[in-house]
Structures are given as C-alpha cells and as structure tokens.
Amino acid sequence: MSAETAQNARGSGGASLFSDQRFRSLFFQALVIGLLGAFLVFIVYNTAHNIEKRGIQTGFAFLDAAAGYDIAISPFMEYTATHTHGRVFLVGLFNTLLVSFLGIIAATFLGVFLGVLRLSPNWLVSRIVYCYVEFTRNVPLLLQILLWYAIFLALPSVKQSITMFNDIIILNKRGLVLPEPLPGDGFMLVPIALVVAIVASIFFARWAKKTQAATGKIYPVFMTNTAMIIGLPLLAFAVTGFPLDFAYAELKGFNFKGGVVIKPEFTALWFALSLYTAAFISETVRAGIQSVSHGQTEASEALGLRPSWTMRLIILPQALRVIIPPMTSQYLNLTKNSSLAVAIGYPDIVQSFGGVTLNQTGQAIEVIFITMLVYLTISLLISAFMNWYNNRVSLVER
Amino acid sequence: MSVTEQQYAPGEHPDLPPPLGEAGLIAWFKKRLFSSVGNTILTLVAVFFLYHVLSAIIFWTLTGATFTGETKADCDLGGACWLVIGDRFHQFMYGLYPTDQYWRPNLTFILMVVAIVPVLFDNIPHRGKFLLFSAIFPFIAFYLLSGGWGLETVDTDEWGGLLLTLVLGVTGIVASLPIGIVLALGRRSNMPIVRTLCVCFIEFIRGVPLITILFMASNMLPLFLPEGVNFDKLLRALIGVALFSSAYMAEVIRGGLQAIPKGQYEGADAMGLSYWQSMRLIILPQALRIVIPGIVNTFIGLYKDTTLVSIIGLFDLIGIGLVAVADVKWRGLAPETYAFIALLFFISCFAMSRYSLWLENKLHTGHKR
C-alpha cells in the first residue's frame with residue numbers, strides 16, 4: 001500500500017477527521033472567530049447598556065460643540081474657549097506634532113554627537129558620556145519631565161526676570177520671551193529662496209554624483225550646497241532691503257506684553273524628550289559604528305583615502321544599515337512618549353483632547369478611539385518614511 | 001658597539017622590561033588622555049566640566065544639604081533639604097498601608113527576593129524546589145498584601161509607593177510572559193486568521209502610547225463590564241499594563257523563535273511530536289533561553305513605565321512624590337523629592353541592565369570574538 005492511499009484511508013474515516021491537519025486548522029480558526037465574536041457581542045451589549053443607563057451621548061456630534069475651556073499653547077491657530085472640541089483636537093494634534101518634530105531633530109543631533117563622543121579615544125570623555133547615558137536611560141522619563149518642569153518653575157518670577165542682550169531675551173518662571181519677528185513687504189522672497197536653494201542643491205548633488213561615476217571628477221558638493229542654502233536666502237534678504245522688524249517684549253503690569261513666549265511646559269517636555277531619547281540614540285549610533293569591522297577602516301586607509309572620506313564613504317554607509325531600524329523605533333518612542341505631556345499640562349492631544357474633552361463630554365469611547373487612531377497613523381507614517389529611507393541606504397546584496 | 005655589553009646567542013637574550021613610556025600608568029595617561037593636542041584640550045575641557053558639575057552635585061546633595069531638623073525652616077545651608085524624604089519615608093515605601101501591618105509588605109519583599117534568585121541564577125543548589133516556590137509566590141504575595149483569611153484586609157487603595165511600583169512591575173511581567181508567548185506563537189502560526197489577529201493586536205498596542213491604553217483601561221473598561229461588576233483602580237491599571245507589555249514581550253519572544261534553526265522544528269516533527277509538544281519540549285526552552293536578556297530589557301522598560309499610573313490617580317512612587325511636592329509644609333522641594341525617586345529607580349534599573357549584560361555574555365559562549 002502506498003503512503004498516499006494510507007493517508008486517504010486514515011483521512012476518510014469520520015472518527016479520525018480531527019487528525020487531518022487542514023480540518024484541524026479550519027476548526028481552530030472557526031473556534032477563535034467564534035470566541036472573539038462572542039466576546040465582542042458581550043462587550044458591545046454591556047457597553048450599550050451602560051451608556052444608556054449613565055445617559056452618555058454617543059456619536060461624533062461633540063466635535064462641533066463649544067469646548068468651553070482655554071488652551072495656553074496654540075502656536076499654529078487661533079483658539080479661544082468658544083471654539084469647538086474639533087478645534088481642540090486640531091490644536092492638540094499640532095502641539096503633539098510640534099514637540100515630536102523638534103524633539104526628533106534635537107535628539108538626533110545630540111544622540112549622534114554623544115555616540116561619537118562615546119567612541120572617542122579619550123577615556124575621560126567616553127566615561128562622562130557613558131555615565132550620562134546610563135543615568136538617563138535608567139530613570140523613568142515621566143520623572144525627568146517632572147524634574148525639568150520643576151527646574152523651569154523654579155526660575156525667578158516676572159519682576160526679577162533674567163534678561164540677556166539688553167532686554168531682548170527674557171527668562172522667567174512663565175517662560176522664555178523672545179522678540180517677535182514682524183516680516184515686512186517682500187519678506188516672502190526669503191523662504192522662496194531657501195526652497196529654491198534646497199531644490200538646486202539636491203540637483204547639484206545628483207549631477208555631481210553622476211559626473212563622478214562617469215568621469216571620476218570630484219566636486220566640492222558639501223561646501224557648494226552649504227554656501228547655496230545659507231547664501232541664497234541671505235542674498236534675497238539683502239536685495240529686498242532687510243524687510244524684517246522685531247516686536248520686543250515690555251513689562252506691563254504683572255507680565256510681559258508682546259514678543260513670543262515659549263512656555264515652560266513646552267520647554268520642559270522638549271528638553272526631557274530630547275535628552276532621554278538622545279541617550280538611546282547615542283547607544284544605537286555607537287553600536288552601528290562598532291558593527292563595521294576594523295578591517296574596513298584599514299582597507300580604506302590602505303587605498304589611500306583621507307580619514308574624512310573613510311568615515312563618509314566606507315564606515316557610515318555600512319553603519320547606517322545597522323543604525324536606521326533601531327533609530328526608527330526611537331523616533332516612534334519619542335512621538336509616543338510625548339503623550340506624557342499630560343503630566344505637566346502641555347496641551348498635546350492626550351492632555352487637551354484625550355483628557356479635558358473626555359472629562360467634559362464623558363464620551364470615552366469616541367475620544368480614546370480618535371486619540372489612538374492619531375498615534376497609529378503617526379506611527380505608520382514614520383515607519384513608512386524610515387522604511388523608504390532604509391531601502392535607499394541598504395546595500396544591494398547579490 | 002660597546003665593549004662591556006654581554007654577548008648572547010641568538011634568541012637567548014632575556015626579556016627586557018617595556019620602555020617607561022609604553023606601559024604602566026604613565027603610558028596609559030599618555031595614550032588615553034594626552035595622545036595629541038586635540039585630545040589634551042578635550043581632556044582639559046572634560047576635567048573642567050567634571051570639576052564644576054561634581055562640586056555642584058556634592059554641595060547640593062551632601063555638604064550643603066540638611067539632614068536633621070523638623071521643618072523646612074531648618075534647611076538654610078543652600079543645598080538640598082532631605083527632611084522631606086525622612087518625613088515621608090514610610091509613604092515612599094508603603095503608601096497608605098496601615099502602619100501596624102508593615103511586616104506584611106516587608107515579608108512579601110523578602111519572599112520575592114527568595115523567589116526571584118532561582119529564576120535569575122541557574123547555579124544555585126536545589127534550584128528545582130526553589131522554582132516551585134517562585135511559581136506559587138504570586139499567590140502568597142497576593143494573600144499577604146491584600147489580606148483576608150485571618151489577616152486584616154487591606155484595600156488596594158491603600159497600597160502605594162515602592163510597594164505599588166513593585167506590584168505593578170512584577171504582575172506586569174508575570175502576566176505578560178504567558179500572553180506574550182501565546183501571541184508570538186500565534187504570529188508565527190500557519191493559520192491565517194489566528195496570525196492576522198495576533199499581528200493586529202501586537203501592532204495596535206505597539207503603535208499607541210501606554211498612557212492612552214491606561215486611559216482606556218480606566219475610562220472604557222467599566223463600560224465594557226456587566227452591570228454590578230466593578231474592577232478596582234489597581235486591577236484596571238494592571239490589565240492595561242499587562243496588555244501593553246505582552247505585545248512587546250511577544251515581539252521579543254518572536255525574535256527567539258525566529259533564531260531557532262529550522263532543523264529543530266523539522267526534527268521535532270520527525271519525532272512525531274504534536275505542535276504543543278514540540279513547542280513545549282523543543283522550541284520554547286531554546287527560544288526563551290536566547291531571549292532572556294531581551295525579556296529583562298523589556299522588564300526594565302515596563303518597570304519605568306509603571307510610573308505612568310500616577311497620571312490615572314494611583315499612588316506609586318511618583319504619585320506619592322507628587323503628593324509630597326504639593327504639601328504646603330514642604331513647598332518648593334520638588335527637586336529633592338524627584339532626585340530621591342530617581343535614585344531608587346536608577347539603582348534597580350541599573351542593576352537589572354547589568355544583570356542582562358552579564359547574562360548576554362554568559363549565553364554568548366564562543367560566538368563572540
């Protein structure tokens with residue numbers, strides 16, 4: 001009897017139907033779906049009952065209702081207590097994005113800097129960075145946010161403000177007051193020039209790379225592009241006749257009027273997020289650079305490449321392959337950790353929309369659903385972008 | 001060539017000590033601190049920086065700090081005022097746990113150490129018996145802490161401080177390990193529906209911040225339950241923490257499952273083992289062993305993340321700290337309070353990360369250069 005017929009003989013018997021793998025698989029999946037369905041029905045039934053009993057409204061009509069509370073920080077759009085909860089959502093979303101974006105930038109620069117210092121041949125410097133990293137990583141972020149907030153609140157009061165540069169920059173417990181830029185006629189030319197310079201430098205870099213591959217001639221890409229990106233906006237600024245004024249803050253009554261105020265809530269959150277994430281990034285960078293075998297450095301030196309070229313052309317491209325995946329998760333962590341804003345009252349989406357709006361409307365399900373959706377979307381977007389970048393830098397293997 | 005120099009046959013010359021500049025302390029200093037002009041400048045800057053930071057820290061924490069006294073007015077040396085810690089030390093440790101019942105958390109803590117040691121180190125004698133104790137420890141701990149059956153009942157509202165932080169951390173890890181294993185196996189399952197469900201759950205949890213999950217647990221969970229059933233605040237937080245950490249645990253364990261060579265799976269199948277037998281006897285023992293450092297690292301993250309429960313109104317270390325800071329008697333002593341809590345966390349987390357490193361080195365036998 002062949003193996004096939006033996007299997008058929010076994011599979012056809014009704015009693016041993018369960019030993020057929022395909023049937024078993026179908027059975028278990030049906031079971032899982034059934035259990036999950038029952039669980040969902042149970043939850044939905046309970047929820048409907050509870051909502052009815054407690055008189056909680058449902059639906060998304062609350063987004064159009066007046067919020068009735070103030071939000072202290074709304075840099076991108078006008079907001080007063082008469083605006084709707086939908087507006088609160090937008091303000092919160094932009095505040096989350098703002099602190100995450102600035103945090104990612106600061107953490108990346110600081111983290112790469114610390115990671116390189118950690119690898120310094122200088123023992124003392126490497127040890128100092130090590131201590132910093134270990135201390136920062138092993139203390140909860142929430143505590144660090146609270147600590148920075150306490151430090152900023154311990155600054156002098158408005159009357160005894162610390163002033164720098166002849167009262168241009170003012171620092172007190174209510175925040176950092178900077179002069180407000182007032183762009184005049186023709187100032188729009190400056191950002192346009194900046195965009196033009198960036199686009200031009202991308203094209204120049206591509207052209208230079210192609211030319212080098214074809215002819216071997218090397219152009220000073222970095223210097224040219226830096227000069228272009230800084231120079232072109234400056235030129236535009238000068239040509240239009242420096243159309244920029246500043247509104248300086250003045251002490252009127254109990255507080256400063258005019259100028260841009262950077263609130264301590266924002267600064268504390270930004271500092272804590274950047275410093276905390278930088279410690280993790282520095283370890284990532286260190287591990288990445290160390291993962292490139294020393295033979296690569298020696299080989300490139302043997303080829304006669306300059307040390308800076310060795311770093312740029314040999315070490316970094318290989319290190320980036322190792323660095324980028326964990327870096328992505330650090331960026332995601334920073335964005336998610338920005339939700340700890342709720343502890344110090346920085347009005348991000350969790351504090352304003354997920355906190356105050358939830359408490360006022362009582363519509364926990366809708367509010368938490370929207371809030372989670374926002375974070376899921378941000379996570380997916382950052383992952384997608386970093387995956388795209390990762391594919392670009394990863395070496396093509398045979 | 002000098003006349004007095006003794007002649008040696010080739011290869012017979014005794015070893016000379018290394019030149020003074022190449023070995024010992026001086027060479028080390030030269031090589032690691034002053035090898036070039038740039039390096040020397042870096043060293044000097046670092047020393048300058050270190051001197052200022054260290055002297056400020058030592059002044060604030062020790063020489064300029066006040067250790068004895070009654071009120072905030074006694075703190076006049078310019079440094080930290082540690083009186084607030086002494087005044088509320090019991091709260092930092094036990095929260096509002098009844099004073100005459102302190103022996104119960106203390107005993108639980110000692111038992112916890114006894115239960116954890118055999119899990120962490122595999123070279124202690126009678127490990128099997130101790131592991132049995134570790135398995136039943138959670139039940140003993142629950143009985144000891146919450147009471148009933150002869151012991152005075154202590155409401156979970158009264159648990160707080162370090163006690164609560166440890167309860168959250170340990171429960172989180174104990175609950176998340178089995179859930180994490182199931183999720184990881186589900187994610188690698190051949191059944192498309194099971195796999196999809198596990199992937200969705202894991203990615204969903206990992207995509208949102210813990211605080212939103214805690215909000216969900218504290219605001220939405222009561223709506224999900226039938227009328228009359230009510231979970232207390234701590235249980236709700238624990239459910240949130242366990243769900244959150246199980247998703248991360250699942251990814252760590254999946255890493256271990258993927259690292260097991262395919263031959264092991266095939267070998268188990270060839271032996272005629274069923275799916276669960278092969279997992280229990282062949283795959284999981286190897287996979288879990290590989291990922292213990294990863295599990296410890298997840299635990300460090302979880303342990304730090306438990307502080308978030310202070311936002312939903314539980315009195316863990318930070319919750320107690322916030323109460324202490326808000327106390328009129330000790331107004332303005334936030335840095336002292338936070339520094340104390342930070343120290344507690346640093347000690348435990350640093351110890352855990354050292355353990356994880358030690359374990360990694362122990363497990364990496366022969367694979368590392």
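Backbone N, Cα and C atoms are what each Cβ position is placed from, and that goes for glycine too.
According to TrEMBL, the feature transmembrane segment maps to B:40-62 (among others).
Listed as Cβ neighbours of the transmembrane segment (B:102-121) (distance under 8 Å, sequence separation of 6 or more from its ends, same chain) are residues 90, 93-94, 127, 130-131, 133-134, 137, 140-141, 144-145, 147, 151, 154, 163, 166, 170, 355. The transmembrane segment annotation in TrEMBL covers B:102-121 (among others).
According to TrEMBL, the transmembrane segment annotation covers B:130-151 (among others).
Here TrEMBL flags B:162-356 as domain 'ABC transmembrane type-1'.
Sequence-distant contacts of the transmembrane segment (B:163-185), counting only residues of its own chain at least 6 positions beyond either end whose CB sits under 8 Å from a CB of the stretch, comprise 93-95, 97, 105, 109, 112, 138, 141, 145, 198, 201-202, 234, 237-238, 241-243, 245-254, 257, 279, 284, 295, 298-299, 302-303, 306-307, 309, 314-317, 319. Look at TrEMBL and you will find B:163-185 (among others) tagged as transmembrane segment.
Taken from TrEMBL, the feature transmembrane segment applies to B:197-217 (among others).
Residues annotated as transmembrane segment in TrEMBL: B:281-302 (among others). Tertiary neighbourhood of the transmembrane segment (B:281-302): same-chain residues 169, 172-173, 176-177, 181, 241, 244-245, 248-249, 252-253, 255-257, 259-260, 264-265, 267-268, 273, 349, 352-353, 355-357, 359-360, 363, selected by CB-CB distance under 8 Å and a gap of 6+ residues from either end.
Per TrEMBL, transmembrane segment is recorded for B:308-326 (among others).
Under the heading transmembrane segment, TrEMBL lists B:338-357 (among others).
Non-local neighbours of the transmembrane segment (B:130-151) in the same chain are 104-105, 107-108, 111-112, 114-119, 124, 159, 163, 167, 170-171, 174; each lies 6+ residues outside the stretch with a CB under 8 Å from one of its CB atoms. Below 8 angstroms of C-beta separation, residues 33-34, 78-80, 339 of the same chain, each at least six residues beyond the ends of the transmembrane segment (B:40-62), sit close to that stretch.
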